[in-house]
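Worksheet: the structure to be examined is printed underneath.
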Amino acid sequence: MEPKRKSGSLAKHDLPQFYLLIMLYLAQGIPVGLAFGTVPFLLKSLAKETSFTSLGIFSMATYPYSLKIIWSPIVDSLYNKRIGRRRSWIIPVQFVSGFVLWALGWCISQGIIFDGVDDAFHNRGNGTLHSVSIKNLTWWFGLLVFLCATQDIAVDGWALTILSKESLSYASTAQTIGLNIGYFMSFTIFLSLNSSDFANKYFRNIPLDHGFISLGGYMKFSGMLYIVITIYIIFCTKEKPYVEYLPKVEPINTSDGGSKPISIEYDDGDVVSTQNTSSIKYIYRCFIKVLKLKSVRSLAFIHMISKFAFQCNEAATNLKLLEQGFKREDLAVTVLIDLPFEIIFGYYVVKWSSDKDPMIRDNRRLRNSTGTNKVIKFLVGDAGVLTPWLWGFLGRLAAAVLGSYVVKQFPKDGEISTGYFCLVIFQHLLGSFMNTVQFIGISAFHTRVADPVLGGTYMTLLNTLSNFGGTWPRLIIMSMINYFTVYQCTIPGTNKVYVTHGGSMQACTELLNGTVTILRDGYYITNLICIVVGLFLYFGYLKRKILHLQSLPISSWRCT
């Protein structure tokens, strides 16, 4: 008899598909890292007078990633049967994405877009920005994120069928590993290798004015990587490696143009029912049914409000450190340290999120046998599938509190001590790790409750709500920081002093050649508001509702 596989472990026959998903999510993480991290970083570090409102406007480039549900049913229903439902979209979208990345990289290298960011690499200047058009940057990177979001719809749907049922929970692990590696490549690793200070300090005997990799060069390399991955998908993959149809049955047409259900059998013996998923009308009708489910509406509301509590910390803390003089290559190192932790512990968070895993049962017994039961129950309630999400929420709140302390304690003389550097590392490690705990926990829950019949549409709906919950507050948060901040502008050679409430530093430094002094920093006020709102939301609503949702049967999430 074949030895029984351990509960919760990845099946060996699913390893090729698992690695393929990692590569697809890695490719997706490249433009995400550029739009969400690198470009705002470069804008703030190369032009410190860039206002937080301008950064908030650029954040609109990330909106397609949060609005992809609008065209998700189209991606789910229109496809070439010979190529496959998911490959029909992944292949052309990745080809176009690769071309756009390469073309955008070429334009940046030539100074046509993002003028000045690569000047030091081409002997055109010292690397300072030249009147960058935030509007143009937003449009170009918005296009890139739109393509990335479309690819994400297809990959999320593919993850539901490319893995066997026994390994389905590892789709969220592949997503976490791939997205993190791609994000770190485009954000942390790129910023380190792009920095002249980093290269001169650690690798060069003779200092130069530029780092190892330019932004344009990196984007052209990323475009070629997209093409290589796409060629592999064309020639080396199948749409359904472990899914076989039962004996062929001709669909029976119904009055509404659809078809009666057909059974699909997976290799692991699970049988699900499907209909004519090539009908856009059918997919949209099912989509509306899903939105009407009480459980989905409750989860949607949670997604829309839960991330407000951390937005100031995660969007502005690193930028405030840059503004005060923290070197971007040092900040990149703090982010780099986090990568192995997220990959290693991601596996255990998946097991933690499985209600079939012994870890949860052991956790329940531990609560009943220790004196910490009351404290734990007060904080996260009874153990369940979403317990990691609850702990992650509290951990990110703690990281937000620590973020204000880290910015406040920045050395007045600008000299970074080892102790302070370790404090920055710890704060970032806490925040990003707890973010990963929440992400894997909720992704595993999404995979568990999503209806395989709807494939990418259902997963995209849940993931879109989660993403948009972290996107919509960002412009508001950035505007709040600007509004609550009071600047003093001193004009040299005169006795004139202007006090601006919620104004722009750029007007003072560029138009008046003045010196800016911050009298009141709106970052602290905004972060405090977010934390207080988060505490009220968690103990007043979120914890209670999450405990209810995780106890619902799978039938509460299905419309087919």
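The backbone N, Cα and C atoms fix where each Cβ goes, glycine too.
Look at Swiss-Prot and you will find 1-17, 76-88, 161-172, 236-329, 396-421, 543-560 tagged as topological domain 'Cytoplasmic', backed by sequence analysis. Per Swiss-Prot, topological domain 'Extracellular' is recorded for 39-54, 110-139, 194-214, 351-374, 443-521. Residues or ranges marked as transmembrane segment in Swiss-Prot (evidence: sequence analysis): 18-38, 55-75, 89-109, 140-160, 173-193, 215-235, 330-350, 375-395, 422-442, 522-542.
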Message: Within the topological domain 'Cytoplasmic' (161-172), count helix residues (DSSP H, G, I), strand residues (E, B) and coil residues, in that order.
response: 10 helix, 0 strand, 2 coil
- line: Taking every residue in the topological domain 'Cytoplasmic' (543-560), the average pLDDT works out to 88
Query: Can you find at least 3 Cβ pairs under 8 Å between the transmembrane segment (18-38) and the transmembrane segment (140-160), where each pair is 6 or more residues apart in sequence?
result: yes
- prompt: Looking at the transmembrane segment (140-160) and the transmembrane segment (55-75), are there 3+ C-beta pairs under 8 A, with each pair at least 6 apart in sequence?
  reply: yes
Task: Go ahead and report the DSSP secondary structure tallies for the topological domain 'Cytoplasmic' (396-421): helix first, then strand, then coil.
output: 17 helix, 0 strand, 9 coil
Task: May I have the DSSP-based helix, strand and coil counts for the residues of the topological domain 'Cytoplasmic' (76-88)?
output: 4 helix, 0 strand, 9 coil
